[in-house]
Amino acid sequence: MASKNTDIFIVDGGLSTELIRLGFPVDLTDKDPLWTSTYLLKNHNALRKAHLSFLEHGADVILTGTYQASLELFEKAAGIGAEEFSKLIQMACDIARQAVEEFWEKQSQPGRRKPLIAGSVGPYGACLLDFSEYHGNYVDNMTMEELKQWHRPRIQALVDGKVDLLAIETIPSIVEAEALLSVLQEFPSMKAWLTFYCKDKSHIGHGESFAEAVGKVSACSQIVGVGTNCIAAENVTALLQGASTSRNGKPFVVYPNAPGEQWIDDSVCGKTAADEFDDLIPAWIEAGVKYIGGCCGTSALDIKHIATLLTDR
C-alpha cells in the first residue's frame, strides 16, 4: 500500500528502529560509533530486509544506511581507508537497490510507482557522538572548506552508487547547509532534499530562523524539497507555516520522530500522542508537504499507518 495521492511521496522510517523490530540489534551509544552503518561491515542481509519491509509497508522512498557513515568514523572504528569506504557506501546503495528490485518484481498494486533510493547524508555532528548534531556549535570553529572536505567523500560515493537523489538530513545550521549545497553543486545532475533539525517551532538547532534557512536552501536549483526531520511532530505545523513564503515554490519534506522519541541532549521525551499525529498530517499536506515519513522510533508499521491515512484521504 502506498499513497493514492500521486503528489505525495511516503518516505521510510527509522532504519535502526526497523532493524531492531526485525530482530537485528543496533547499539546507538558510543560503544558502536557506526550505529546502523555497522551492518555494512557485518550483515548486508539485515539492511536489505529492513529496506524491503519499509517498501512492503508503503514507502515510496527508502534511505540508504549511511546517515552515520563517514570516512573519519570508519577510519577510527574499523581502520578503513578512503577507497574501501567508497566501496562500502556504494554497497549501501546496492543493498537498497536489491530491496527495491525484489519488491518491484513481486508487487501487484495498480498504479504503484517504482520506489526511489535516497542517499542519506547526516551532519558532521553525528560523528562526534556527543549529540552536537542537535545544536551544531561545531561550525563556529570550522571553516567552510573543512566542512566541505568532510562531507565530500560520502556524497561522491553516493553519487557513484547511482542513488536517485540525496537525503541531506538533520542539519542544525545554515553554515553546514551552505557547505553541503556547495558540494552538491559539484555534481550538477544530482538532486537532493535538505532537512533541518529544529529545536522549537521557529528555529533550527544552531539558532537561526527556520524560515531563513528554508529560503537559502530552496534557492538552489538542485534542491527538490526542504524541511525538517528528527523533531517532535507537534512542532511541524508551526515551522511550515512560518516558512510558507520562504520556500521558493519548493515542496516541504517532513519526517518527525515517533511519539516519545524527541531527542534532547542524551535523553528522549514525548509530547505528542499517536492520535494527535494523525490529526497533524493533513495540515502538513495543506502547508505544502510532498515528502512525508518518520524518523527516530518509527518502524515499517508506522509507515503503513501513514500510507493508510493518505490512502483514505
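Glycine too: its Cβ is placed from the backbone N, Cα and C atoms.
Because TrEMBL annotations are produced automatically, they should be read as predictions rather than curated entries.
What TrEMBL records for this protein:
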| type | residues | note |
| --- | --- | --- |
| BINDING | Cys230, Cys295, Cys296 | Zn(2+) binding site |
| DOMAIN | 1-310 | domain 'Hcy-binding' |
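Confidence over the domain 'Hcy-binding' (1-310), given as mean pLDDT on the 0 to 100 scale, stands at 92. Around Cys230 (Zn(2+) binding site), taking its Cβ as the centre, 25 other Cβ atoms fall within 10 Å, counting all chains.
Ranked by Cβ neighbours within 10 A across all protein chains shown, the binding-site residues Cys295, Cys296 are led by Cys295.
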